[in-house]
Amino acid sequence: PHTGRLALYLLGLQATCPPLSPHRSLVTWLKYYLEEDWTGSRRHGHPLTSYYQYGLGVLALCVHHKRVREEVIRRLLTAQHHGRLGHGGNAVDTEAVVALAFTCLERRKLVETGLAAELRVAAHKASRSMAKAQDPDGVIGNIYSTPWALQVFLATGTCQTEPAFGQAMAALLENLEAFGTAATMAQVLPVLHGHSYLDIASMHCQEEPDTLTPLDIEPLAEVPGNKTVQLVVECPLPWCYDLQLYNRTVPVPAAASLLDVLQAATVVEPHDFKFHTQDTPQGPFLTQVLGLEARQEKRNYWQLLTAPNTPLQMGIADYRPQDGETLILRLSEW
C-alpha cells in the first residue's frame, strides 16, 4: 500500500487551500490503504509498510477532519507502549509522526474523552523521549529527524519549557544546507516559521495570500578538478564472517556525491562492486551492496559513516565527500 506517499500528498494538498473537496476520493483510498497495510501484522508483526507510514496515514486523515476507528489508533498506542517504533533516527521520525497524529486526534476532538487522555499522555511521553535522545550538538536522532522532533515540541506546547527545543533549533540553523530535496524542505520549513503539520487543519484559507510565484534558480557552479575517495564495505557478525568485504580507492570529479562514488566504483570494477537503491521522497536509499540486502524484517540497514566511526547526516545523493576521505558502508542493526 502507498500509505505514506498518499498521506504526504493529502497533507500537502490540504495546505494549498484547494477549492471545495476534489480529493474526497483520495481520503477514502487512504482509509482503505490503512486497513490493507495492517494485514502485514498478521505475518510480520508490523504494518506492510512501516509504523512511520501508518502514523502518517492517521495524521493525514485527522488533518482532513476524518474520524479513525479506535482499533486503528490503539495499534499505534500499543506499538509505542512496547517500543516497536524502531531505533536511532528512524525511531525519532516514527515516534514524532505518531505523536503528531495523537495530538491531532485529541485536539480535534475526534475521539472519546478517555482515549483522548491516553493520547495526550502518549504524546507528551514521546516529547520527553526525544528530549532525552538529543546529542550534545543539539541534533535529535539525525539532522533529518530533528525537524520532526521540533514539530512535536511545537504541537504539544512544550517548546517554551523544553531546553532541547532551542538547542535543536540552533543545530537546524547550522545545517540548513542538508535540506536540499522537496521532501526534506517540507519537513523543515514549517518549523522555521513556528508551525507543525497540525496547523494545516486550522488554516483560514480565505486569508492566505497567493505566494506561489516561481523563482529563477541558478544552477550549481561546477567544481573543477578531481578527488579520490576510499570506499570501504563492512559486514559484521551475524551476517558475515569477514568484517571488511571491500576496500578500494575510487577517483571521481571534485563535485561528486557519495552516490557518484558508488556509481564510479561499479565502472572501475564492474565484477567486484555492485549496489542497489530504492527511491524515496527523501532521495535514493541504499538497500543492497555486494549482493547483501538490508531488510526491514531482519531489522538491519546500510549505515553510512566517515572514518573512523562518524555517521553521516545526509543521504547518498546529498553528501559530498572531501578529497582523501574514507567512507564506510556498514551493515548495521537497528
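Every residue gets a Cβ built from N, Cα and C, even glycine.
Noted in TrEMBL for the protein shown:
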- Thr49, Ser50, Tyr51, Tyr52, Gln53, Asp93, Asn142, Gln187, Trp302, Gln303, Leu304, Leu312, Trp334: cyanocob(III)alamin binding site (BINDING)
- Cys62-Cys104: disulfide bond (DISULFID)
- 256-332: domain 'Transcobalamin-like C-terminal' (DOMAIN)
Measuring CA to CA, name the entry from the binding-site residues Tyr51, Asn142, Trp302, Leu304 that ends up nearest Cys62 (disulfide bond).
Tyr51
Could you pull the average pLDDT for the domain 'Transcobalamin-like C-terminal' (256-332)?
87
Have a look around Asn142 (cyanocob(III)alamin binding site) and count the other CB atoms within 10 A of its CB, chains all included.
18
Are there any residues at least 6 positions away along the chain from Tyr51 (cyanocob(III)alamin binding site) with a Cβ closer than 8 Å to its Cβ? List them or say none.
Leu76, Ala79, Arg84, Leu85, Gly86, Thr94, Val98
Using DSSP, break the domain 'Transcobalamin-like C-terminal' (256-332) down into helix, strand and coil residues and give each count.
14 helix, 31 strand, 32 coil
Cβ-Cβ distance under 8 Å to Cys104 (disulfide bond), same chain, at least six residues away
Leu59, Cys62, Val63, Leu110, Ala155, Leu198, Ala201
Which number gives the other C-beta atoms within 10 angstroms of the C-beta of Cys62 (disulfide bond), all protein chains shown included?
26
Ordered by sequence, the long-range same-chain Cβ contacts of Leu304 (cyanocob(III)alamin binding site) under 8 Å (at least 6 apart) are Leu258, Leu286, Pro311, Leu312, Ile316, Tyr319, Leu327, Ile328, Leu329
